[in-house]
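This report refers to the structure that appears directly beneath it.
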Amino acid sequence: MPSTLLVTGIGELTTHSPQPVDTAGLHAPDESDPAALIVADGRIAWTGRAAAAPAADERVDVEGRAVIPGFVDSHAHLVFAGDRAGEFEARMTGSRYSAGGIRTTVAATRAASDEALRANARRLLAEMARQGTTTVECKTGYGLTVEDEVRALRIAAQECDVATFLGAHVIPAEYADRRQQYVDLVRGPMLEACAEYANFVDVFCERGAFDEVETRLILDAAKARGLAVRLHANQLGHGPGVQLAVEYGAASADHCTYLDASDIDALAASSTVATLLPGVEFSTRSPYPDARGLLNAGARVAIATDCNPGSCYTSSMPFCLALAVREMHMAPAEALRAATLGGAQALGLTDVGHLEVGARADFAVLDAPTYLHLMYRPGVPLIHSVWKNGARIA
Ligand code: NIG
Ligand code: FE
């Protein structure tokens, strides 16, 4: 018989309803009357006051700590080799970020063994777990040949929760003079070879990467193949990416660093999530996206790390939450919601990002009495323990 687990003594339990509500979904922010939850079959079976908790086979007392849904990191690039610390140093002393650096990682990734790529992805996933992340989306994009994209996507699909095909990351050096041929490769044989492992198809729609016409060709091919889409949009300047994401019914438009009023209106009128990646702005010294404009207009907002060796090499959702609050003026409750439920929406997942009955038992116990400490105490390791499907993973 499957055993049940009671987690009790919860000083503050944030459940988050998947329905759009204004509250953070808090139970018992009062240590004299703690909250509890019950896990059965890897899912949340009950939440409420500890005093009223039904009996369970096992019991864990978290002694007044806060419990939150595990973070859903809906944008990461984890299958790569090497790093670009020198590029970061140059940027911090005056250079600008450009998409061209991606080719450096492409060369290192192509030269790496499958085992090395898998080990590096696992190392980053372990970092993420230790920082409270329980669901991870992972993109390809550092292979850029049929063979290298397939192996990256296979690793992403095996190691991560959601795998995204990003053959359209940049034009690889060997296709520099024949862009159209590379676009045709991506939307033809490469897409065909990757489709069985891909949950989504993504395009870096940006000056220096893929323009509107090229992006449309790739999105059309993805849709014709029955694959869901998401876009890297409006990262390095204003462009057509956000409007295309909405037009194509993308699950998410990611970055959204440069938005005009019509972009915000389009996102607000759509179900496309605006995924904000403030670690990128921090690490590239760029202006932060207009999170307040998006939230005030009623757009759906997610926060993710974009963990990658170029534009942002953090695996820390708590760090991104602190940036969201301090730099993008999100209320702490808005930021937590965006990093959990918002990420789930950006991935089209309904059973993660919240702790309502029936959700996966993916949660983080904080070494703090309230989730507010995640933003109030930036840089402090506040993750006490992390559970995925009801089993402790960190
Ligand atoms: O999301 N924008 C494109 N791709 C990544 C950066 C990749 C890199 O610099 O290696 C991003 O920022
Ligand atoms: Fe990215």
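Counting starts with 1 at the first residue shown.
Glycine is no exception: its Cβ is also placed from the backbone N, Cα and C atoms.
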One of His232, His238 listed by TrEMBL as binding Fe(3+) at the site of His75, His77, Asp306:
His232
Looking at the 4-imidazolone-5-propanoate binding annotation from TrEMBL, with Arg84, Tyr142, Gln235, Ser311 already listed, which candidate in His169, His354 is the matching residue?
His169
So which of Arg84, Asp306, Asn308, Ser311, listed as binding-site residues, have a Cβ under 6 Å from an atom of ligand 1?
Asp306, Asn308, Ser311
In sequence order, the binding-site residues (His75, His77, His232, Asp306) whose C-alpha falls within 10 A of Arg84 (4-imidazolone-5-propanoate binding site):
none
From the Cα of Tyr142 (4-imidazolone-5-propanoate binding site) across to the Cα of Asp306 (Fe(3+) binding site), what is the distance in angstrom?
14
Given the binding-site residues Tyr142, Gln235, Asp306, Gly310, return the subset with CB under 6 A from an atom of ligand 2, ordered by sequence, or none if empty.
Asp306
